[in-house]
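According to TrEMBL, the features are:
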BINDING   His288, Asp326, Leu327, Asp354, Gly355, Asn382  S-adenosyl-L-methionine binding site
DOMAIN    199-470  domain 'SAM-dependent methyltransferase TRM5/TYW2-type'
REGION    478-499  region 'Disordered'
Amino acid sequence: MTSSLSLSLTNRSGRLLFLFPKHHSCVSVSQNLNQFARISLQFSSVVHSQKAMTDHLQTDLGLYKPPQTVRGMTELDRTAFSQTVSVPAIRIPTKVLNKVVKSLKKVALQRPGLKRVVEEHNEDGNKDSSQGEHRLLLLDPNNITSTDSFGSEEAEALKAYGVPQEIQKYQVKLTYENLKSEEILRAVLPEGQDVTSGFSRVGHIAHMNLRDHQLPYRKLIGQVIIDKNPGVTCVVNKTNTIDSTYRNFQMEVLAGESNMVAKVRENAVLYEFDFSLVYWNPRLSTEHERIVSLLQRGDTVVDVFAGVGPFAIPAARRGCEVLANDLNPESFRWLQHNAKLNKVDRKITSFNMDGRDFIRGPVRERLPSLMKGSQKIHVVMNLPALALEFLDAFRGLLGPEPDQSLSCLDDNLPQVHCYGFSKEDDTQRDVVERAEASLKISLRGQCSVHLVRNVAPNKEMMCVSFTLPRGVLYSTHTQDRDISEEPCPKKQKCEDLTD
């Protein structure tokens, strides 16, 4: 049944923010609704995150006004960022200090490395002789500007503990250590330019994608990222696009050590690899988990583009038999290393081959016997730039159909999960049609499409899943077949019986 569901996302004023298009017939209404709910949640999270970041920056800029001397700095001078600012403070008796601080935590000053509670000083700058009896709680100047700025809860707490609502000024010296990375970079980069402090974390490595206008400041940016992110000891910047052959890219070390061997724990699995020589994307953790959750003990997983094992290793830990392949010799080496590291090397048979050669060689040899069994067969093809084109390797893979009289109910046909990028308006229809073009057969009503993630503006990563049709595997059904044809009566009958 073809779904004609069309959904939209609007803001409070009714302005259209996102249109969820009518989907290809292989996608059910429930999938549409689930995906819409997920996108709505992601959209809400993005809006919330952006608002939170904006609020933080506005707060930070309200307190800290960087010296003009740091603008355009390319070599980091931490001492140049120091500045003395005036902040409001409230005098609190030490006997109720902890209780009052807890009650005023929403309006208290919060800065990295800066104490909120300080000792009193007299007009000469010396400690007050009565310092043992009182302390000062520093307040956020963006929340508290006068005695009338306290909310009802704060005012009631102060009254209950006998603390007068009297505000005094306190001079605070802000240093580089008290500043956030966004503040530092905003102060340094040319006014009006985008400030990038975001990065992907791969073990001890922070991976950045700097824009052209940020490149003159790249060394400084790298050092700031190390200073402000505990555990990061190396910052790299991608200098070219991913090589589709081995899926790695050239990178420049911006700051820190040059050790590229990362240790990463994802979904309770430990991986080790040389980040400069293999492909690893920390943003795919959820997708790895989603596919692995579909597997049962005893299933067989065929991982055509295995990388260092983010699908293969968890599948083996789940009790599956795994055939894992990757063309990149370094990925192959680290795949074997990770299999031993996680004590699943006996469950994984690894190959270092081209994807098509792998399908038409080792997979072809093992598939007939696997299809006679009752355990499911899953084929994972995670090479989004090219995987859809590799589907043609399955056409006629098993040659002539052995016995036309055998019921298709006896077949244990492989389940394929193939990834692809799309920039089209209807991304789901696009990836399905490209899969159909490679297979030379229609997938109408026989597939599902999952939105993995947004890669870039107007570019999505998708996963199309389907049972590999007999008409593809056996050559008698693949002679220039028109993908617009309806499924053959025999196939339709089998689908009816298994619904």
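Even glycines carry a Cβ here, placed using N, Cα and C.
Small disclaimer: the values here were computed from a predicted structure and weren't measured.
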C-beta crowding around Asp354 (S-adenosyl-L-methionine binding site), within 10 angstroms: 16
Mean of pLDDT values spanning the domain 'SAM-dependent methyltransferase TRM5/TYW2-type' (199-470): 93
Site of maximum Cβ density within 10 Å, from binding-site residues His288, Asp326, Leu327, Asn382: Asp326
